[in-house]
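Look at Swiss-Prot and you will find 8-36 tagged as compositional bias 'Polar residues'. Taken from Swiss-Prot, the feature region 'Disordered' applies to 1-38. Residues annotated as transit peptide in Swiss-Prot, with sequence analysis given as evidence: 1-76. Annotation source Swiss-Prot lists transmembrane segment at 184-204, 220-240, 249-269, 271-291, 313-333, 336-356, 402-422, 440-460, 475-495, 531-551, 565-585.
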Amino acid sequence: MAMGAVLSSRTFASPLSSSGKQHPPQNNKCTCSSPPTRDKFSRLTTRTTIFQVSNYSRSTSMERFQLSARFHQPVVDSSTNYLTRWFYNANLKRRRIECFLTSDPINTGWLKPRRWDNFTSLDTACVQPDYKIPVRTRADCKAEQYEITGSPLSPSDVPAEAVLIGDTNEISPWWQQFPKRWTVVLLCFFSFLLCNMDRVNMSIAILPMSSEFGWSPATVGLIQSSFFWGYLLTQILGGIWADRFGGKVVLGFGVVWWSIATVLTPLAAKIGLPFLLVMRAFMGIGEGVAMPAMNNILSKWVPVSERSRSLALVYSGMYLGSVTGLAFSPLLISRFGWPSVFYAFGSLGSVWFALWQRKAHSSPSEDPELSKAEKRYILGGSTLKEPVTSIPWKLILSKPPVWALIVSHFCHNWGTFILLTWMPTYYNQVLKFNLTESGLLCVLPWLTMAIFANIGGWIADTLVGRGVSITNVRKIMQSIGFLGPALFLTLLSKVRTPAMAVLCMACSQGSDAFSQSGLYSNHQDIGPRYAGVLLGLSNTAGVLAGVFGTAATGYILQKGSWDSVFQVAVVLYIVGTVVWNVFSTGEKVLE
């Protein structure tokens, strides 16, 4: 967009030479001055007007089709002419803007706009003095379709003018003005949506598959656990690859890999059980790199002021992916058979990958279409360095905040995996819901987590924006993520009605989602250059907690009760709270 004030300093019959000065805006002030002229006492005078510019670069997409932004009343005006208080500016696509001082108090018509020639003003004298000396009574604005280059209009058509050019930015449709960093965030969101859709479809499809192939419960458990063989394998490796080769390459590889494994799952099942186990492990390999790669790419793209919101949005993609997978898998299976769910969900990965290759880059410095303004904004809150060539393991493992991440991730995932894995059994055996009701109620915690994760992200970024230290914000949010579930699981042992039990479950998972603005955001705080490796380390501990916690719950239930299961989780939540508040930090400890 180009903004300018078209000013005439005297009578329109007076010539205005091309020596009229054009000043770029500085400190939101625009200056326009005319060449020296002689007043009635033959003294040489120069008229200079300074305008205060307000918010012309901050108009929203809706305001782009309305009058927006303003030239304020002049701060300095060396002439005695009166100028009205506001100069309005219209901000429209592919239009150039001129603000006119109306000089015809009788006819009140627009001054006919002249064309610009590469931001210069070609002025010539008017042949005849057609205008009287005006008293400038108002300011008007008019937007026209303009050519950037072109010959000046005839001096008989337009008075001599001085053009002040304020700013030049290409105006484009709103979808092209959408911040590139949030485009990357949304693509990561959809990758995590697909991640959990492809993961949970087996939990539904395993029922007709076990009937068709005659699998025992032990075999079903083996198939379900085979995913974690590959998932554990690539947690740390995914972080190393992402920090070395870039998050775009690694995340793209992961989505393609697990999508192919998903599509090939029906074929592997029909060939034989060993092939199915290998295919599920392959799928785990692909999904294992997703979180470290995402953490790497967002550490470069998202400034700290937006970190919590962006990560909360991405992780809510996982929760909504579970909801989507649990909702659509039964429909596809009942209509087209169990293989259809693998074909349908797996094929979506190719659509995502095409968009990823076109729109995403590993860092802002690699994106040729990124605007200078957005690049400055991003670099103001993040650090871009050369790709990592070697991992300083000794340095990383010597830092207490790193161990705070690892221990807290373990404590967090123990309770989370227990609730999400054993919840249908609890609803069925303890609360006496039937299988259909249990399945529907299992969706509720995922929805609750998706909602509260984004609420927590907004709160965290708001606190950071208001000057609260990042360390305190991370400790506050993670304390909620630990103590909230501990409180509601304790209450769960006391309630006597199914409705209250379901409410406690939902509140437990909702408060758990505040962890996305706590420990899940902290990897980028303490070591943005090694964000992928750090998440790989802590998430390895988290996955191990899920595996051991799920198995331990079965053992506890054989010897004890559900109260004992919840008590173990509560103890670990409290341990995690203490470790986190003592050893964690929001400051960078790894360069």
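Yeah, the Cβs are placed from backbone N, Cα and C, and that goes for glycine too.
Here the structure is a predicted model, which means the values were calculated and not measured.
Within its own chain, the transmembrane segment (271-291) is flanked in space by residues 191-192, 195, 198-199, 202, 213, 215, 219, 222-223, 226-235, 237-238, 241-242, 250-251, 253-259, 261-262, 264-265, 535-536, 539, which lie at least six positions past its ends and keep a Cβ under 8 Å from the stretch. Spatially, the transmembrane segment (402-422) is adjacent to the transmembrane segment (565-585); three or more Cβ-Cβ distances between them are under 8 Å for residues at least 6 apart in sequence.
Most Cβ pairs under 8 Å with the transmembrane segment (184-204) belong to 313-333, among the candidate stretches 220-240, 249-269, 313-333, 440-460, 565-585. Long-range contacts of the transmembrane segment (336-356) within its own chain (CB-CB distance under 8 A, at least 6 residues past either end) are made by residues 187, 190-191, 194, 197-198, 201, 204-205, 208-209, 212, 248, 251-252, 255-256, 258-263, 265-266, 325, 328-329.
Residues of the same chain lying 6 or more positions beyond the ends of the transmembrane segment (531-551) and with a Cβ under 8 Å from any Cβ of it are 225, 228, 231-232, 235-243, 247, 250, 291-293, 295-296, 298-299, 388, 391, 396, 402, 405-418, 421-422, 519, 523-524, 569, 590.
Per-stretch counts of Cβ pairs under 8 Å to the transmembrane segment (475-495) identify 565-585 as the leading one among 249-269, 313-333, 440-460, 565-585.
Most Cβ pairs under 8 Å to the transmembrane segment (313-333), among the stretches 220-240, 249-269, 440-460, 565-585, belong to 440-460. If one looks beyond the transmembrane segment (220-240) by at least 6 residues along the same chain, the residues whose Cβ comes under 8 Å of a Cβ in the stretch are 199, 202-203, 206, 210, 250, 254, 273, 276-278, 280-293, 295-296, 388, 391, 530-537, 539-540, 543-544, 546-547.
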